[in-house]
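What TrEMBL annotates here:
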type     : residues : note
TRANSMEM : 93-112   : transmembrane segment
TRANSMEM : 124-149  : transmembrane segment
TRANSMEM : 161-184  : transmembrane segment
TRANSMEM : 196-217  : transmembrane segment
TRANSMEM : 229-248  : transmembrane segment
TRANSMEM : 268-289  : transmembrane segment
TRANSMEM : 301-319  : transmembrane segment
TRANSMEM : 339-366  : transmembrane segment
TRANSMEM : 378-397  : transmembrane segment
TRANSMEM : 409-433  : transmembrane segment
Amino acid sequence: MPYPPYIELARRLQLSTDVFSAERFSGSLVYYSTASYLQALPRFSIHTLFTYIMSLHGIPMTSPTQTLTESPAQQKNTPRVTSFARRIHGWSWQAFPVGMGTGAVYVTLSSLKHRAGFLHQVETVFYFLNIALFLINTSSLLLQAILYPKKAFRLLKGPHTGIFVPLFVLSLATIIIGTVNYAVPSGHVSPEAIYALFWVYVALAVLACFAMLMIWFNEPHDIAHFSPAYAFLVFPMMLVGVVAFSVLKVMDIDDSRCLGVLLTGYFFQGLGFFMTFFYICIYIIRLIMTGFMQGHQANGAFVACGPPGFTALVLINLGEKSRQILPHYNLLSEIAGEVWYAASVMGALLLFGLAVFFFFFGALPYWFKVHKRLDEILGCWALTFPNVGWIVTLRLLGDIFHIHGFHIIHVIMCIVMFTTWAILFILTVVAFVKGSIFSSNPEDVVKDAATYFEGKRSFESSESDREKHVV
């Protein structure tokens, strides 16, 4: 009688214990194969083949049920991982761009020259949605740090995950801007509170940026895999200028503290822009080496629009405030404010051109390079917030030079921004429901949870031993 195919395969290859090895585990033999072709065999076929090979060497083999399934006692002791635990363990700092993209919608809509009556209500809805997303992300990451500290530490130390940590501060910037636009005029928040929030933001931006820069630059990085998204490490300090001119909108010019806000905005805008400009230079070098970025990194091409676009926006707005503040306090000269404003408009126009170039430079090859996968949908949110700067600058340049065409393009880009947000938000919800994002494997959750509880037990036992020693 001929042997079955898999037995004949074993006989022809003359497999022995150098291919199959046995390891003693929980009183039974567990066998594993180094031959990749066996992975295609059915489970029962593999077990039969194991039995045949082991019988050649006189090694007893346990039954399939004992080797391939757990005993009832083992199943009872195996921890069950809830869906909530998988979500908390799988949360990441990359969740904050969702809120920032939501903030980008009401920031662009609020800059429209001709506004319909319902727009204020729409912007307010987006403002509160942004706050809700910020609270969800913050509380989820806080729970992760408490329940799974090892996973939280890996996110901070990771070269690709750590760059998103400063986005926590950027999300706060969008909330402050929304508070200035919607909460201060209604009287729910006072200008004094906004002034205090400004310095809180500056402190958090400096702390987050320098902390993550120290961690990120502690290890070498390959330029061939460089992305403009690495500039997120400096973005919060660059956005100080945006927060500064927003705060100056609600401050009285007779308040001498407005001068400090103005100079602080210029200081950090210069720091942030030139640092991010260095990142953009490295990005160009990377493209020379590897060509256009592919996969999830294709989204990062739009991040290059942020530094020149936001800096152009800040220069025009802070220049406008300089026209009022510098003459009011008799600083520099009588025409210092006008000189600052004129120079700011010229510089803003130059940077605006650079931002528009990077937008098309990233958009033209985008569809052919990006992966159309739900598990990479979070990276697509880079299509929203980095483009806010140059889009709002369109409206300002249209006002300054009386170019009606700029106003039309601005309206079109606001519609594109809203449409992009709607598509990305729907796809993000679908990806979340399907578990493609913010969901860890049960094995990873158990592993990190076991590490946490083992560390806790060892700490408690050491404390107990210390107490006994003292007694």
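Backbone N, Cα and C atoms are what each Cβ position is placed from, and that goes for glycine too.
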If I count Cβ-Cβ pairs under 8 A between the transmembrane segment (339-366) and each of 93-112, 229-248, 301-319, which range comes out on top? 301-319
Contact set of the transmembrane segment (93-112) with the rest of its chain, CB cutoff 8 A exclusive, min separation 6+ beyond the ends, reads 119, 122-124, 126-127, 129-130, 133-134, 136-137, 140-141, 155, 161-162, 164-165, 167-168, 170-171, 174-175, 177-178, 181, 378-379, 381-382, 384-385, 387-388, 391-392, 395, 410-411, 413-414, 417-418, 421, 424-425, 428, 438
The transmembrane segment (161-184) touching the transmembrane segment (301-319) per 3+ Cβ pairs under 8 Å rule: no
Intrachain residues whose Cβ lies under 8 Å of the transmembrane segment (268-289), provided they are six or more past its termini: 202, 205, 223-228, 230-231, 234-241, 244, 304, 306-308, 311, 314-315, 318, 358
